[in-house]
Amino acid sequence: MEQISNEFEKLVKKQKLTCDQTQINIDKLINQINDSIQKIDNDSSQSSTVLTLLSNKLKTLTSQTIDNHKELYSSISKYSKSIDRKLKTNLDTIWKPNVLAGKEEIINSILMSHFIREGQFDLAETFSKESGIPISDEKKNQFQDLFNIVEGIKRKDLGPALKWASEKRDILKKNNSNLEFELHKLQYIQYLINNDIPSAIQYAKSNFGIFGETNFKEIKRLACSILYIKHLDNSPYSDLLAPSLWDDIESQFKRDFCSIYGFSSESPLYTAIMVGASSIPPLIKIDTILKVKKNIDWSANSELPVEIPLLDSQRYHTVFTCPVSKEQVDCNGKDNYPTMLLCGHIISKESLLGLCKGNNIYKHKFKCPYCPTESIEAQAKRVYF
Ligand SMILES: [Zn+2]
């Protein structure tokens with residue numbers, strides 16, 4: 001990587017040099033032309049000689065410039081080849097196009113969802129017409145609302161966000177979200193920034209009351225900040241002026257909005273691609289190892305032979321697969337659901353009952369399938385994800 005970086009530096013220098021030289025040549029060209037015009041104006045009988053001289057000079061300068069550019073392009077092409085040599089990976093071994101065969105409709109639906117949740121509504125309409133996948137109007141309207149409100153936040157207009165948060169107050173509270181207060185806080189800060197004490201006090205009186213129980217400390221702090229209104233940036237309250245507050249409120253709004261409607265805060269397509277891309281190096285490695293050592297093709301199994309490290313934001317727990325039965329278990333199921341054994345291992349209720357059955361003589365005592373711990377059915381606890 002260091003070598004590529006060095007080569008890049010060299011290329012940037014070369015590009016700058018070529019640019020400077022070209023500029024100098026162009027200036028020279030202009031000067032030559034102006035000189036010639038001057039000479040002809042002074043003595044028109046010399047025009048033929050002057051023009052011949054000018055033509056020769058122009059040819060020389062033009063060919064110099066072309067040569068410089070040729071050199072630059074040859075360096076660019078060398079650089080791109082060097083990147084290919086260093087970074088190009090043969091993906092053939094882990095590329096399994098058949099996996100996606102017959103799943104065009106699912107893929108198109110995923111793409112459609114992505115366009116909608118990215119606010120690309122026109123693109124979604126066109127895609128819907130071309131792919132035949134219907135647009136979910138409900139989802140589209142929800143995201144349309146989200147984007148209108150986010151647009152407002154970007155314009156520093158908190159009105160639409162505040163209206164939405166007040167309408168969803170109960171559910172936000174249930175989700176332990178502080179969003180409505182944070183929005184009011186930011187609105188209040190705008191009055192401070194504008195040096196408008198009466199409006200700030202009025203705003204606080206009208207809006208902070210309902211948050212007294214949950215945000216009293218913060219409200220006190222906001223009230224005291226008025227004392228420093230003339231020089232907030234140089235006061236213990238300077239954090240209230242941080243420009244990042246707007247980015248924070250935007251992300252918090254998106255997160256809480258998606259959470260209320262049951263959407264993940266990041267596009268599933270984006271997450272899948274990020275996870276897929278980060279899985280490529282370990283998969284190539286394991287593929288090479290398996291082929292050399294045991295001659296096993298990992299693609300024959302439905303599970304990956306290695307653990308792929310994921311960021312917390314890329315982990316989802318909406319689906320639980322029982323490690324014993326290998327079946328997906330509904331986390332909210334009535335009869336079958338995830339249960340945690342005494343040792344902390346989690347299996348499905350059905351698998352648990354299966355394990356107890358064969359051990360009646362020990363009063364339902366059974367051994368965990370993954371560790372030596374023994375327990376009885378009553379010790380297993382239902383787990384909610
Ligand atoms: Zn265990």
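Each Cβ is built from the backbone N, Cα and C atoms, and glycine gets one as well.
Whatever TrEMBL says is automated annotation, not expert-curated.
Annotation source TrEMBL lists coiled coil at 12-39. Regional average pLDDT for the coiled coil (12-39) in the model is 92.
Feature annotation from TrEMBL assigns domain 'CTLH' to 142-199.
Sequence annotations record features per position, and here TrEMBL assigns domain 'RING-Gid-type' to 322-371.
Annotation comment: TrEMBL describes 322-371 as zinc finger.
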Long-range Cβ neighbours of the coiled coil (12-39) (under 8 Å; 6 or more residues past either end): 46, 50-51, 53-54, 57-58, 61-62, 64-65, 68-69, 71-72, 75
Residues of the domain 'CTLH' (142-199) by DSSP state, where helix covers H, G and I: 46 helix, 0 strand, 12 coil
Tally of residues which DSSP labels helix, strand or coil - the zinc finger (322-371): 12 helix, 10 strand, 28 coil
